[in-house]
Structure formats: C-alpha cells, structure tokens
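Below is one structure, written out as structure tokens, with a few remarks after it.
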There are 2 protein chains.
Amino acid sequence: MKPVKVGLLGLGTVGTGVVRIVEGNQEHLSSQVGSPIIIERIAVKNSEKARDIDVDASKITTDPWEVIRDPEIDVIVEVMGGINGTKEYILEALDRGKHIITANKDLMALYGSEILAKAQEKQCDVFYEASVAGGIPIIRTLIEGFSSDRITKIMGIVNGTTNYILTKMSQEGATYSDALKEAQDLGYAESDPTSDVEGLDAARKMTILGTLGFRTNVELQDVTVKGISGVSKEDIAFAKRLGYEMKLLGIAECKDEEFNISVQPTMIRSGHPIASVNGVFNAVYVYGEAVGETMFYGAGAGAMPTATSIVADLVAVIKNLKLGVNGLKQIIPYKTKKIKSDENIFYKNFLLLHVDDKAGVLAKITQVFAEYDVSLDSVVQQANPNNPDAEIIIVTHNASKASMDKVLRHFDDLNVIRRVKSHYRVEG
Amino acid sequence: MKPVKVGLLGLGTVGTGVVRIVEGNQEHLSSQVGSPIIIERIAVKNSEKARDIDVDASKITTDPWEVIRDPEIDVIVEVMGGINGTKEYILEALDRGKHIITANKDLMALYGSEILAKAQEKQCDVFYEASVAGGIPIIRTLIEGFSSDRITKIMGIVNGTTNYILTKMSQEGATYSDALKEAQDLGYAESDPTSDVEGLDAARKMTILGTLGFRTNVELQDVTVKGISGVSKEDIAFAKRLGYEMKLLGIAECKDEEFNISVQPTMIRSGHPIASVNGVFNAVYVYGEAVGETMFYGAGAGAMPTATSIVADLVAVIKNLKLGVNGLKQIIPYKTKKIKSDENIFYKNFLLLHVDDKAGVLAKITQVFAEYDVSLDSVVQQANPNNPDAEIIIVTHNASKASMDKVLRHFDDLNVIRRVKSHYRVEG
C-alpha cells in the first residue's frame, strides 16, 4: 500500500512526541488507516540542535516552505506555534491541496474562520484537537459527541499553569508570587507568564470552544478576560470558608441564541466536579439541554498528551483521504452572532469591602444593592485585627452584570467604603 | 433535499427521547447533515398505550418486521432492548442494507462481533454509543480520540444503580438493603435488581469497552464478575477509615498484549478522580501510554442523555450516507486474544479477618502471606465489642491473584481464622 507522507513544521517537545508516536505505534496506526505513515520532511529552527530522538538528517530543513511545497506530502502537521508565518504556511499548504493538523490555539482563535473557509474551498481537512486542552478529545466531543444536543454552557479549566498556581495557593497557602515562581522553576510557567496568568491563553481556547459549542463565529474580542494576578491568599481563604474553590474558569453560556464568554477567577462550589481538578490538569465541563452535566478531564499540555491528539487527528485525516471525503465534514458556524448584553448576563458575586468601622455603614451598603435590585445571599461584617477598617463579605444571588456594575459605580461615591478589596464571580 | 428516513424499534422512555430530539432540534440537525430527518415508522409493543408525545398513528406498528422490511427506511434505531428478537431484526436489517444504531449493551456484548462482521460484509454502519455510559461519548473517544495511543487501563463506574446504592451507603451510612429499596422506589433499580447489583450489566459494558480499547475480541465470559450485594456498612466504614471510597469498578487492563477484565466492588483512594463520582452518574477513567490519565463523566442513563448519544450516532451515520462511506470506518479487532493468567494479574487487597483472640495468631497469619510472597502494606488487629473474635485488617502491596488465591486457600485450613469476613481489590 502506498504510504501517506506527512510534513512536520516544528520539532520541539510536541513535534518530538508526534515522531515518537507515529514511529512507535506504526502497526497500530497502519492497521487503522490501511497504509504506513511516513514523516517525510521536518522543518526546524536550528538544524544543529541536539535532540532526544534520531531523525534522518536528510529529512530536516530550516525552510518551512520546502515542506509546504513538497509535492509528495499529503498532510502538514504544524507544531511551530505562534502566528507569524504559520498562517501563511497553512494557507499556502491548503492552496496546494494539503490537509492540515495544527496544535496552534493562537492561530485558530484569531484566524480560524479564514483558515476553515479556505479549507472548505479546497476540500481539505483542518483538524485542531490539540489546540484546546491537550490530550482531552474535547473538540471531537463538541463536534460529534454532542452533535444532537443544544449546548447551553461550557466551563473550562483550560490553562494548566494558572490551575497549578491556584492549587498551590489553595492547598499549601502559598502566595501568588511564590506559587508563580515555583511554576516557573518547574517549567510550567514561562519567564514572561503574562499570556497564562492574565487569562489570554484561556480566552483563545474559549473562543475555539464557543465557536464549536454554539455554532456561531466567536471572535477573541468577544471574550471578556481577567487573570489571576490579583488573587490573594486571603481571597482563597475566604473562598474556602464559604465552601468554594478558586479556579480560573472560562465560562461560555448561550441562551435564546445569545451568548457570552468570559475568563476570570471564579469561586466554584467545592462539590462541583470541576472544583476538584487540581495541578496542571485541565477539564471541560459541558452542559447540554438533553445530555445534562458532563465533564472531560485530562492532561492539558505536555509533549505526549498533545501529540496523542495530533496523531488521532492524523488518523482521522488519513481515513478521510482513503475514503475521498476530506473537507466534507467541516463544521461551519451557521448561526448569526448575537452577544448577550450586560442586562442579560446573570451570576452570583462575592465582594470583600473595606469600610469605615462605624454604625450605619452596613445599612448604607445594603441600601445600594436594594436600589439596583440585587438581592443578597449572605452578608458578614467582621473586624480585621490587621486593618483599622471593618470588612464586609457579601455573596449576592444571581444578579445581572449591568446591575452589579451600577452597584460598583455607586460604591465609588459612597464615602463609607474605603475600597472594594475583591470581587469575584461565584458558580455552582 | 431528499429526507433521510429512520425506522424506530421501541418507543419507551429512550425512544420517546429520540423522537423529541429529532423533532425539537430539526434545524440544528439538518444544518449538519444537509437534509431533513424523518422518523418514518415506529414499532411498539402496545399501540394503545398512552404516551408523552404526539406521534402520527399511521407511523405506529406492533410488528417490527414491518419497519425492517420498509424499503423507504435508510436507518434503523433499535431501542427495544433485550436479545430475543433484536438480533434477528438487526441482522435482517443489515441484509437489506440498512444502517443500525442501537443502545443495546446486551446485544453488543453478546453478539457484537457477529453483527459487526455482517455490517462490514454489507458495508453498513453499526453505531452503539448509547450502549455504554448513556450520554458520555466514550465509544467515540476510544475509537477516534485515542486512535493514536495504546490504552493500558480502563476503569469504569458504568452502572448508575449500584453507584447510587454505594453512594447512599457511604454518605448516609445506609445499609445495603435500605439503599437498594430507596433506589427501587426512585425507579433507579428494577424490582428484580440482579443484573445491576450482581455486576452483570457492568460486565457487558466492560466487554464492549475492552474490545474497543484493546482492539481484541473480548467476550462476556472473559470478564470476572462480583456484585455489591455482599458489601456491608462495616466494609464501607473500614474503607473510609483507610482513606478509600467503595465503588463497583469495571477494570480492564492490558499489558504486553495480554488483558484481564473484572467487575467488582473496589476500594479506591479518595483523591482519585473516579472516587468522587456519586449518585447515578457514570464515569470512565482511561489511561493511555502517551495521553496519561483522562476521565469522562456524565449521566449514565436516563431518556434524554441516552437519546443524545443515539441521535449523535444518527448524525454520524447520515453524514457517512451522504458521503457514501458507510461501513468503512468500522473498528475490527485485529489483535489475537490473549488473557492474562492469574500469575500476571496484580493488585492490592483489603482483607478483614475474624480470628481467635489469643496470642500468636497474627504471627501465624503473617507467616502465610510470607510463604506465598505477598508483602503487606498495613496490618491492624483490634477487638470488636460486638464480637468475641478479634478483627485483623490487612492491606497488601500489589500481589498476584494467583498468590492471593493460595493465601486464601491456606486460610481455610488455618484453624485460628474463624472467617474471612471481607476481601476487596484496592486501587489508586
């Protein structure tokens, strides 16, 4: 049988994992697709670099275009990352009729619709399971497993770095900066951790999940984002006291054809399945009208888990190739994009206020909530030995984001409030 | 566009769910498959029965053969259950070139290989996502999501009834019989609960998961089965004290191309992701060499979750139909079946022994373990105020099943042991 030839762009840890799986599981793979799979050419940044695997030097090039333009190659696997260059490589490869597998969340979040449109025009497959939640087959699940259902909510722990940091803070009482430093020492966080800790990485993944879950063309700028750099030990201690864990959650909701998507540190009730997902693990909780609650858990990153998803995509693309049906099972968002207004986004809120320690303050504050029709679940006032101010801890019932914004603006003018120390979304 | 016509065998709760989803989500479904989906004929047991949905009376028949033989029908959805008749209906439908979707775990566990062989011969699809773990798309995940990986372990809570009973016993200290009665009152357990509580239902599902996970033809008789009817409140209290939860786990393991599959009440360490799956929920934990730990969680039964899986299969079958590729993506087990011998099956064991309360007993017992090379993790001897005998609680390190069987046989002849009160597998 004629072998299928693959071009690999990038030979970092994930690329190395792809080579390992394709070579190590060759019998298992070829029994599924009916022919051998050969990694024909590999584009690298530095051809002199020492590597963990033996690769025939004649396959290596430092020029990605050589791989893209090789007429022998059927499928391009892109694991270089970044958006500079990769978009052009992929569009050109599609123009040449090659199928694409990518782990590149940045690319898919920013240019997914353009790339998928080109793929449809050229009847090529573009698969990107590895771009969200590493080894967890969540994209397949949203496209195929729940094709029959209307998905109303997706909540994801889709960034392992921040989940590691929050787990350390929760389980060991570490400060944010100590936990971040440890994550950096272990290689879980980069030296510039901004993209992870400020929620941008999670936002890109939620853009992809939202598009697939709601069948509408979600763009990155539709996602409101807040990172974890402002989360304190104290906040986590309050969360625990109230029966919550603090997690950086991507939350995508869709009701009456209108959606909203956000990423922010969220207090989630301890009994919720996603609350006990710890360390660098990822999980995606999906709520469908018919199926109800489901959750998918696993390694969100790492060379081998990510490579598992890439090679599973490769098997799917090659099966399609043999059957002559590439590009025909594409999910094209078909619903008009409608974003919920702040009046229609509802959730519970946790607030920690530092206030003047004198009579009548609580009455003034609760009056503000009443004025904007935000009802309260619990209110606790306490003295803080480390602070001359009193502390008020408030958990609201479901309130619209618009009303809460009005409450917070009103607080700016209320001179008994020294400051709004913390404000978090509460789930579950 | 020419509509796709579906014949439905069975209109119980799941069948009703299928009708609801196909009719309620028609726009969403037809946007994916490119044509309307019509439920053309429905075979029922009793055509006079009052139903929750309006179905055109002309579609109803009490003769399944009328549905099977209708030349207009492209796809048969079988939700009658049972194996009497259903096998013949499905084989005949395949002979007539119709594609099959079934939720029937009994049928697939017992006759799956025969049915799939016929499907391959006729180039028809047979999809059965709903046969295991209701709304959780675990079959798709094993076939496609992890097609690249070598799966070495599958642990499943795949029976909601027993998980409900064990959860009640664990969380509320209920006895087995009280918890069973409550499950019956709530409709979670049948009046004859044997198939659930004795582990037979779980064994059928593990047969299906083992076949898909290990790509070898697992048969029901390859699964060793023990149910939960012997689990006492006391056992669960011991489990908790040692940091474990008691769960009815299906465990399928494969190493060096040899597998073993069992279903039994198992003590699983509380921190393990599957230990906190409670109530009627199901979860399947999958370990792959490359992907590592993953878990898939959701409703294991119920009309709508099960119907979600069935209609997702329907979407997949109709896409294949449009593309002309039905029957070509079948997973045919290709590995020779090799079952592990008891010498090669290793796990930890919990033992509760009732023994003579006199000096030297512990020495005699530990000597037996030493003789068969079973090393011990912990041993506790205690008096029991309700019992003239002393109690010895032992947790072993990993030991072969063969060695443990020898230890237990030796215990029969050891007159200081009054009885082996409990013996459980320990995981995690």
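Counting begins at 1 with the first residue displayed.
Each residue, glycine too, has its Cβ placed from N, Cα and C.
Note that the coordinates shown come from a computational prediction; the quantities given were computed from them, not determined experimentally.
Its own atom aside, the Cβ of B:Val14 (NADP(+) binding site) has 24 Cβ atoms within 10 angstroms in the protein chains shown. When secondary structure is read from DSSP and collapsed to three states, B:Val14 (NADP(+) binding site) falls in the helix class. Residues or ranges marked as NADP(+) binding site in TrEMBL: B:Leu9, B:Gly10, B:Leu11, B:Gly12, B:Thr13, B:Val14, B:Gly15, B:Thr16.
Annotation note: B:Lys105 (NADPH binding site) sits in a helical segment as assigned by DSSP. Remark: B:Lys105 (NADPH binding site) has B:Tyr128, B:Ser131, B:Val132, B:Asp201, B:Arg204, B:Lys205, B:Ile208 as non-local neighbours, by Cβ distance under 8 Å and separation of at least 6 in sequence. Annotation source TrEMBL lists NADPH binding site at B:Lys105.
B:Glu190 (L-homoserine binding site) falls outside any helix or strand according to DSSP and counts as coil. Cβ contacts within 10 Å of B:Glu190 (L-homoserine binding site), excluding its own Cβ and spanning all protein chains shown: 13. The feature L-homoserine binding site is assigned by TrEMBL to B:Glu190.
The secondary structure of B:Lys205 (active site, proton donor), as reduced to three states from DSSP, is helical. What TrEMBL lists as active site, proton donor is B:Lys205.
According to TrEMBL, the domain 'ACT' annotation covers B:350-425.
Summarising the environment of B:Thr13 (NADP(+) binding site), the number of other Cβ atoms within 10 Å of its Cβ, over all protein chains shown, is 15. Summarised by DSSP class, the composition of the domain 'ACT' (B:350-425) is 23 helix, 36 strand, 17 coil. Rounded to a whole number, the distance between the Cα atoms of B:Leu9 (NADP(+) binding site) and B:Glu190 (L-homoserine binding site) is 22 Å.
For B:Gly12 (NADP(+) binding site), applying a Cβ distance below 8 Å and a minimum sequence separation of six or more within one chain yields B:Val79, B:Gly81.
Within 8 A of the CB centroid of the NADP(+) site residues B:Leu9, B:Gly10, B:Leu11, B:Gly12, B:Thr13, B:Val14, B:Gly15, B:Thr16, the other residues of that chain are B:Leu8, B:Gly17, B:Val18, B:Val79, B:Met80.
Take the binding-site residues B:Gly10, B:Gly15: by the count of other Cβ atoms within 10 Å of each Cβ, the lowest one is B:Gly10. Chain A comes close to none of the recorded positions B:Leu11, B:Val14, B:Gly15, B:Lys205, judged by a C-beta to C-beta distance under 8 angstroms.
Neighbour counts of Cβ atoms within 10 Å were compared across the recorded positions B:Leu9, B:Leu11, B:Thr16, B:Lys205; the minimum falls on B:Thr16.
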